[in-house]
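Student: Sharing the feature lines straight out of TrEMBL:
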type	residues	note
TRANSMEM	6-23	transmembrane segment
TRANSMEM	35-56	transmembrane segment
TRANSMEM	71-92	transmembrane segment
TRANSMEM	99-123	transmembrane segment
TRANSMEM	129-146	transmembrane segment
TRANSMEM	167-186	transmembrane segment
TRANSMEM	192-217	transmembrane segment
TRANSMEM	237-257	transmembrane segment
TRANSMEM	263-286	transmembrane segment
TRANSMEM	298-313	transmembrane segment
Amino acid sequence: MQITLYLIMGIIIGMFFPIQASISARLSSYSKTPLTASFIAFSLGTLILLVINLIIDPIGITVGIDFSYPLYVFIGGAITGVGFNVANIILFSKLGASITTLVTVTGQMIVGILIDHFGWFGVQANPVTITRTLGVVIMIFAISLVQPKKKKDLTIASQEEKKDGKIIWVILGVLAGFLPPLQTAINGKLRVATGSILGATFISFFVGTIILATLILITQRRLEFPLYDTEKKRIPIWTYIGGIFGIFILTGNIILLPVLGSVLTTMIFLLGQMIMALIIDQFGMFNLQKRKIDSRRIATLVLMMIGIIFVKFL
């Protein structure tokens, strides 16, 4: 029963990913760089978490921190998180959305298996088995099934893609997929170092904010906070709240990793993402175009659940 509750929690948290992505995409349309939306989300998350920690658990971000842990424990989660964000921006322009999603998910599965098998970062070891491997393969196949096959998806980079060599970007995409499981595992270690889930989440957000601010200052020379669109109309207030969902996502990662392991945590999040993506498409939420749920997407959901069953219950 307890494991079922954790799985449900993982699905719900996974559903926050497309919501946050949709909000950030809307905010990005008003700024010069997609990093601005991430910076605003991280900044808001940092402020909210600071207030919550000071009220509920101030020790977790002050004297309760064990600084005997290696430096990567305190900054690694933020670096990998921001790194994946930047990598996605580049990969989308080189490979398109479909291939980027497929190769990064493949990378996530590979590293998730390694983290679980060897018990890296203090995660409970869960050796590779035939059923776990088959479950991962089913999950990757399910993700590939739902990706559109239209040529449009590959024309974003056009001639430049051929010049750079698509295979190189595919390899880099797989490597970029290594980052989210590493982020989750490192933040799990940070939880131990701080003795606080909220403290670990705050530190990760705070470091991420600094990194993003630095990147924007290097590339844009200044930080921007968009308030109006091109027609001088006020930007909807909801476009600024992506960081709130980010708090739930990161906190959920820290909670679920020790219980579910790296592979299952990633898979259950992906299932939640797919469910919410279908809901967003079906109802045209966040002013996006409506898309009816088709049989291919239903098959994808079924296959994803079968993959999870293979990994956890067989």
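Residue numbers in this text run from 1 along the chain shown.
A Cβ is built for glycine as well, from the same backbone N, Cα and C atoms used for every other residue.
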Student: Counting only pairs 6 or more apart in sequence, are there at least 3 Cβ pairs under 8 Å between the transmembrane segment (99-123) and the transmembrane segment (298-313)?
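Tutor: Stretch pair does not touch.
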Student: Select the range from 6-23, 71-92, 129-146, 167-186 that forms the most Cβ-Cβ pairs under 8 Å with the transmembrane segment (237-257).
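Tutor: Answer, by Cβ pair count: 6-23.
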Student: May I ask whether the transmembrane segment (6-23) has at least three C-beta pairs under 8 Å with the transmembrane segment (263-286), counting pairs 6 or more apart in sequence?
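Tutor: Stretch pair touches.
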Student: Are the transmembrane segment (298-313) and the transmembrane segment (129-146) close, by which I mean at least 3 Cβ pairs under 8 Å that are 6+ residues apart in sequence?
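Tutor: Counting Cβ pairs under 8 Å (6 or more apart in sequence), the transmembrane segment (298-313) reaches the transmembrane segment (129-146), since there are 3 or more.
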